[in-house]
Amino acid sequence: MDRIVEIEKVSFESEFEVSLRPSSFDDYIGQEKIKQNLDVFIKAAKKRGECLDHVLFYGPPGLGKTTLAHIIANEMAVSIKMTAAPMIEKSGDLAAILTNLQEGDVLFIDEIHRLSPAIEEVLYPAMEDFRLDIIIGSGPAAQTIKIDLPKFTLIGATTRAGMISAPLRDRFGMDFRLQFYSTAELSRIIQIASVKLGKECDKAAALEIAKRARATPRIALRLLKRIRDFAEVNDEAMISHERAKEGLNALGVNSLGFDEMDIKYLEILLDAKRRPLGLSTIAAALSEDEGTVEDVIEPYLLANGFIERTAKGRIASEKCFETFKIKLNRTKGLFDGE
């Protein structure tokens, strides 16, 4: 099922997202503590004439991990090479990437927790000693060839930090957990982006979109792009509050940022009446894979206190019952009459 609020777990930014991407910490809205710390570490590395230590970003998708990697490269005045762990199937794939890096380059690996143990073994000496160990042959006749690599900064990104092996995680000099964005931060992002798109939002419209964007910039920008279409076909020079509400309702995104998949998820838990349900049971009921449920659907519901994870499974919170139980039993849908 296609969802306007869904974010792919492994994806590089679209041309649309790239065109709106900030290029410096000054332009980047949100994640203030992370920006402040990175700014210090980058300035210190440049002052010493060294590469920045390896960096790990983790957190739900769409919060700006890729954007921060690009800003780091910009601030260090170096090139950035992009890849994703599922694309690195063999040690030779990683060797080809590493040997093509230039001195000081940034290597960005998305969903780094999906690297196989064999690939990790190749990566360890590259991260620690900037050296590539290639084994030729097998058994007693096997030989190891050592190839020196240029010094580089590895930036790993993941939505599943708990699945990163301890040896790999220990080799990162710094790690940062990205937080969900406030409505005010998203509203600013939307207003700036709307100007770049040539269809400016008024403040009320930007705030309305922000409230329904699941605290996630990528979703906010996706919603803005679609709302712009509603304004365009109505020959409106600016996106008004009423037009934003109309478009968001038409897209099936309610006032809390929930769509039909979220509501179906919550209905499953509410029908269980506080009886814990396992991830596999919920995924089967939604006809989704477990990874999508855990990485894409649940984080926002957890962060906002609508569900709870227990040792026995997931349950609907008291807040969920208070907020939705009556609405979910109505004949009228959650998306009607917003």
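Glycine residues also receive a Cβ, built from the backbone N, Cα and C atoms like all the rest.
Mapped onto three states, the DSSP output places Phe130 (ATP binding site) in coil. As annotated by Swiss-Prot, ATP binding site applies to Leu20, Arg21, Gly62, Lys65, Thr66, Thr67, Glu128, Asp129, Phe130, Arg171, Tyr181, Arg218.
According to Swiss-Prot, the Mg(2+) binding site annotation covers Thr66. In the three-state DSSP reading, Thr66 (ATP binding site) counts as helix. Counted within 10 Å of its Cβ, the other Cβ atoms near Thr66 (ATP binding site) come to 24, all protein chains included.
The feature DNA binding site is assigned by Swiss-Prot to Arg309, Arg314. Here Arg314 (DNA binding site) comes close to Leu269, Pro276, Leu277, Gly278, Leu279, Ile282, Glu298, Ile307, Glu308: these same-chain residues lie at least six apart in sequence, with C-beta atoms under 8 angstroms from its C-beta.
Here the region 'Large ATPase domain (RuvB-L)' (1-181) returns a mean pLDDT of 91 for the predicted model. What Swiss-Prot records for 1-181 is region 'Large ATPase domain (RuvB-L)'.
Annotation source Swiss-Prot lists region 'Small ATPAse domain (RuvB-S)' at 182-252, citing sequence analysis. For the region 'Small ATPAse domain (RuvB-S)' (182-252), the DSSP counts in helix, strand and coil order read 51 helix, 2 strand, 18 coil.
Residues or ranges marked as region 'Head domain (RuvB-H)' in Swiss-Prot (evidence: sequence analysis): 255-338.
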- Message: Checking the spread of the ATP site as listed (Leu20, Arg21, Gly62, Lys65, Thr66, Thr67, Glu128, Asp129, Phe130, Arg171, Tyr181, Arg218): what is the longest Cα-Cα distance, in whole Å?
- Response: 37
- By the DSSP assignment reduced to helix, strand and coil, which category contains Leu20 (ATP binding site)? helix
- Message: I need the CA-to-CA distance for Gly62 (ATP binding site) versus Arg309 (DNA binding site), whole Å please.
- Response: 23
- Sorry to bug you, but what's the C-alpha spacing from Arg309 (DNA binding site) to Thr66 (ATP binding site), rounded to the closest Å? 29
- So which of the binding-site residues is most packed in, judged by how many other Cβ atoms lie within 10 Å of its Cβ, out of Leu20, Gly62, Tyr181? Gly62
